[in-house]
Each structure stands twice: as structure tokens, then as C-alpha cells.
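Visitor: Below you will find the structure I want to go over with you.
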Amino acid sequence: MNDSKDAPKSYDFDLIIIGGGSGGLAAAKEAAKFDKKVMVLDFVTPTPLGTRWGLGGTCVNVGCIPKKLMHQAALLGQALKDSRNYGWKLEDTVKHDWEKMTESVQNHIGSLNWGYRVALREKKVVYENAYGKFIGPHKIMATNNKGKEKVYSAERFLIATGERPRYLGIPGDKEYCISSDDLFSLPYCPGKTLVVGASYVALECAGFLAGIGLDVTVMVRSILLRGFDQDMANKIGEHMEEHGIKFIRQFVPTKIEQIEAGTPGRLKVTAKSTNSEETIEDEFNTVLLAVGRDSCTRTIGLETVGVKINEKTGKIPVTDEEQTNVPYIYAIGDILEGKLELTPVAIQAGRLLAQRLYGGSTVKCDYDNVPTTVFTPLEYGCCGLSEEKAVEKFGEENIEVYHSFFWPLEWTVPSRDNNKCYAKVICNLKDNERVVGFHVLGPNAGEVTQGFAAALKCGLTKQQLDSTIGIHPVCAEIFTTLSVTKRSGGDILQSGCUG
């Protein structure tokens, strides 16, 4: 497509950002520091149930923030149980109040939404709650929720539209099921819940719902946590099952029917085996779909301006400077092909892009060795390669895996979950036993992983880990004493906190 044809002679803005999520807002605020005229277009298409939210994108409204807060609610429930062993006397049976939790979480989210609005205003970034769609070179149509249309032009555009939950395309899914977009503001307790999917979203939601006392079943098509280390994924699944979460494996729903309307009501789920003709039926109050997410790229006019997308996935291929095949259009965040779908990655990419475009910087976003955490009941933190990827990249004979179970001191008094927490480092034997994969399953896994991620960036070796003196008695010290290799088949069970 010829960019100059029909392009305006002058522009309304230096940069228009489509999407007011973490990445888009980070880029907007950074570009504004260089006295650039910046606009953010953000519009939330309501879910099939009508749920919508404010400025800030998935993470703040229907992702990391409410998820972590509800995970904390579940952890507090466990802490209350443990407290009896520490001398606390709880006279009454402790009950959980769903409505109070969601009200508190939504109040916090509302304060964040407002904070983003204020921050944009202070930085003189123009914000419009409108749906952006390209209509020609350097031109975009913004449509608000009343259908009013305005056309704006810009020298450059940044696509940061993110993703939304996928539906199954079966009878009753959009009519009767909820997604993570609905769950965190659900005005009633979901009751007996079926979670469909095995993504980190599915397992995190199943975990905190069970943690606050609900009857939870997870329906899994194939494997847990695809793309993550499968040794760790299976340990997570085992722990969840031991704590009362039921798993229906190798089944997919084929039909959702309403038996009784209400809040929550009753639903009948019919499911079919993925490897036989067997079908099953069961009743649930709520069905939560967490079967993946689709990029919001197909209805924003990209074909009009010639931006190429992966037709199968909707993802946008970009250069190492986040530039699409159309030179004046850039993209960041979850919509990028082959990149990690994580909030801090989008924020980093957005900031660095603005610094390169307007501040003379040459620093690019480093997508390697990015740490992340799955907030399942037993948290999983990781950085670098999974065991499978390490074998694929270096060969099984060229890696050494050091591992051990461990027992957090705080859990010894209530005497629970011994030899469930697990630590593993994967080393490249051909490169001075450099650590290429870091994995931890246990409490505060994110806090443990963050510091080690910096060490991995600096080229951490096993010898350096061994020469580091641990802090006692904490979970992270296990990484300074790992001595048993998987190859050896040696015993990795722990009998106490000092052994």
C-alpha cells in the first residue's frame, strides 16, 4: 500500500495509541515527556453478559490485579486455618463473603482507573473513550459508545489493543457461561463451578475459588499449562487435586443448557471425550471458560492500511523495534506474534519504543529470560527455559538439572504440605554450568523469582549459586544448597527446614 496516497499534509497528533492498557498507557506517558502531542483511544466492548470496565486494560480491570487480590483472599483462608496451631482461638466457623470481596476489589480497581485518567491529563495526553479503526493512511475513525464518529490523523500509530477471552462456539456458551472478564465483578457467589481450560487463567481462578470454599471442577482437554515446564505443571495439578479440586481430563464441553435461572442458577453441561465416543453430563451453578484468548486485531481496519497479521491467530508480526510492515504503525503487548503475553513486557516495550521514537535511544526490549509467576494455590515462579525447551535447545546430554523438595518453616507447625514445594535449576554443561532455567513451586514464588531473574540476566552459574550464602530460614535458600541432579536419581525429600 502506498502510504503517501491520501495521507494528510499535516497531522492532528504525533502519536495515536489504540488501546488504554498497560502497554499503551506506558507508551503514551513516555512519549508525552518529549512534548509530543499524544492521543489514547480506549474502548471496552462489553462481554456477552454485558460486563465492561474503565481505563487500564486487562491487567488492572480483569487480570493480574483482581486475580492476585482474590488469590490473597484464598491464602488468608488458609492462614486462618493454620492460625489455630499457632495459638489463635477462632470461636465461630469462619465464612467467606463473596459480595464483600468483590466490592473491595472493585473499589480498588476504580481508584486505579481514576488514577490513570488523572495521570494522562497531567501529562497533557488526550484520552477518548472511543473505538479506533483505521480508515486510510495516517487516519483513524474514533466511535464512542453513543455512535458519534470523529476522524483523527497522526504521524505515527501504536496498536496496543490486547486480547479478550475465547468462547467455545458450542450451544449455550455465550448465553450461560462466564469468562475471566466477568468473574472478578460477578455480583453473586458463583457456587459450584466448572472451569473449562488448563491455562494459567483457568488454574488460578480454580485455585482461588476452591480456596474460598467453593466446589470446583476443572475440565482439561489435553495438558496443564501448555508452554510451561510440564514437570512443574503436573506438580501444580497434583497439589490442586490433593486440596479438593476435581479434574475431568481429556474431555471438552459440547453443550451448555440452563436448568434454572437465577444468581447463580443451575446449568447442565454435556461433554465429550477427546479420545473416545464417551459423553458425560453434570450440573453446575457456574461455568467459567478459560480456554485461551484472541487478539483484538481483526476489526480495527488493519487491512485498510495494509498491516499484515497472522490470519490464523490474529497476531501481528513486528521487527525487533516493534514496527509492523507499515513503517508508521507499531504494535506492542499481547497481540505480538511470538512474544510473551505479560503486562510488564508490554510496559517495558511501550516505554522503550517511545524513547527510541522521540528520545534518541537505541535500547530495544529484551524478550529473553523474562520472569513470571502463576498464582495457583501453590505459586509457581519461573525464569528462562523449561526443561523441555532446554533439552530441545542444548540436547539432554548437555544439561544438568539440580532439584529438591522443600518444606517452608511456617507450614511445619500446622504440619501441612510436606514435600510439595519444589525447586529446580537447569544448567548448560557446555557453558560453565550457566543457569538457563529457574523454577520454584512454593509460597511467594514471585518474590523469590524476581531477584534470581536479575542474576540470570547477569549470566548466573551453578558455582555462583553454590557460593552464595543463604538466608535462614526462608524458602529461597534452597537454591544455594541444591546438590542432587535428576540424572543421579538421588533422594530429594526434605525431613525438616534445616536438612
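Just so you know, glycine gets a Cβ as well, placed from its N, Cα and C.
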Visitor: Based on what Swiss-Prot records, which one of Cys59, Cys177 is disulphide-bonded to Cys64?
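Guide: Candidates were Cys59, Cys177; Swiss-Prot matches Cys64 with Cys59.
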Visitor: Around the Cβ of Ile18 (FAD binding site), how many other Cβ atoms lie within 10 Å? Please give the count over every shown protein chain.
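Guide: For Ile18 (FAD binding site), the 10 Å Cβ neighbour count is 28.
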Visitor: Please report how many Å separate the Cα atom of Cys64 (disulfide bond) from that of Leu342 (FAD binding site), as a whole number.
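Guide: That separation, Cα to Cα, works out to 10 Å.
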Visitor: Taking the Cα atoms as reference points, how far is Ile65 (FAD binding site) from His472 (active site, proton acceptor) in Å?
Guide: 31
Visitor: In the three-state scheme derived from DSSP, which category covers Ile65 (FAD binding site)?
Guide: helix
Visitor: Under 8 Å between C-beta atoms and at least six apart in sequence, can you list the same-chain neighbours of Tyr200 (FAD binding site), or say none if there are none?
Guide: Leu225, Phe228, Val374, Thr376
